[in-house]
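Q: This is the structure I want to talk about, given as structure tokens.
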Amino acid sequence: MSSPRGTKACGGVAADRQIHVLAVDDSSVDRAVIARILRSSKYRVTTVDSGKKALELLGLEPNVNMIITDYWMPEMTGYELLKIVKESSELREIPVVIMSSENVPNRINRCLEEGAEDFLLKPVRPSDVSRLCNRMR
């Protein structure tokens, strides 16, 4: 009889050590969509609705393996969140992925230059998550 222990989740991480993704989006619909896609790829997902709440959670939950954030949000954009994460000695190693419904090359390039792991266009598809999963290996 085989045991679920030792089976592989996304990124080659053992199933009992799921990759923890923090999904940040002010749209409840988009949060639900990205959480569903991530969970179907065996990620552990925590969702918040603002960059400020993301930073609060990161202060309390140091075991986040990746952040996926919307670009346009009130109070703090995903770009601002990216910059804060990459300037933090405690957080800078966490890969940050930016999402947006707008395909603006200057914005995409600026995020990538600031250290974003990737820039996804909404609606995010399962194939986008598979691509991220392959990068986490």
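Numbers run from 1 along the shown chain.
In case you wondered, yes, glycine gets a Cβ from its N, Cα and C as well.
Sharing the record's features from TrEMBL:
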| type | residues | note |
| --- | --- | --- |
| DOMAIN | 20-137 | domain 'Response regulatory' |
| MOD_RES | D70 | 4-aspartylphosphate |
Q: Could you break down the residues of the domain 'Response regulatory' (20-137) into DSSP helix, strand and coil, giving a count for each?
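A: Residue counts in helix, strand and coil order: 52 helix, 24 strand, 42 coil.
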Q: Near D70 (4-aspartylphosphate), which residues of its chain come within a Cβ-Cβ distance under 8 Å, counting only those 6 or more away in sequence?
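A: For D70 (4-aspartylphosphate), the qualifying residues are V24, D25, D26, S27, D30, G78, I98, M99, S100.
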Q: Could you pull the average pLDDT for the domain 'Response regulatory' (20-137)?
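A: Summarising the domain 'Response regulatory' (20-137) by its mean pLDDT gives 94.
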